[in-house]
């Protein structure tokens, strides 16, 4: 999800609320979700990219560990997992900047998948693979614990209404899962343009015993994360953006 892009209040959100309510009524815990289904039409160019580049860069979801070396065609690269890459501009930029790292992006929004594939084709990027599925399930089923060198969670849905805060992705139980999947020394980088959510992120990550902050509070924006057009617009309007970067403690 991109900065300043907020979840809607249409049928998809109503369905989520109904599902959560029904689950609570029968005694089931609320399920963590990594996404909000958004409306949007896949453009001709995006669909062409999916058709032409999907066979190489799109990986099927499977309830089995991913063979990274087979998927990326090389060994020894650092493994970076990205949750929700929006329209893919940031992912493409970072992948180009860090050609020695392999990036697995997870996004359910088809126009976003097509947009990133289009950028991959235009820029000749070879170190990105995509799974179009719920990132929570991808992490649980396809990524063994202790195997990731980095995790990116940029501008997740802020769920700005107080009654919806419980739906936010960055909460204690999920951060514990993320930390478990990092190697010792691996990093977790989150960013948001919603100040209250930023403070929650900092608090939740600080409370995770497997993680340590790389900064004294919020981190300076790392050079590899570009300033998006949405972010530039927000900064011109006086809005802030906050980064938190934590590292997994040595075993």
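Placed from the backbone N, Cα and C atoms, the Cβ positions cover glycine too.
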**OP:** Could you check which of 1-43, 44-86 is flagged in Swiss-Prot as region 'Disordered'?
**Re:** 1-43
Original post:
The substrate site in Swiss-Prot includes 161, 228, 229, 230, 231. Which of 102, 134, 149, 193 is also listed there?
Top reply: 193
Original post:
When Swiss-Prot marks a stretch as region 'Interaction with RNA', which of 127-132, 139-144, 151-156, 163-168 is it?
Top reply: 163-168
Subject >> Pairwise C-alpha maximum, in angstrom, for the residues (82, 107, 134, 157) that bind S-adenosyl-L-methionine according to the record >> reply: 15
Original post:
For the region 'Interaction with RNA' (163-168), what are the DSSP-based totals of helix, strand and coil residues?
Top reply: 5 helix, 0 strand, 1 coil
Subject >> Secondary-structure category, per DSSP, in which residue 157 (S-adenosyl-L-methionine binding site) falls >> reply: coil
Subject >> Cβ atoms near residue 134 (S-adenosyl-L-methionine binding site) (within 10 Å, other residues, all chains) >> reply: 18
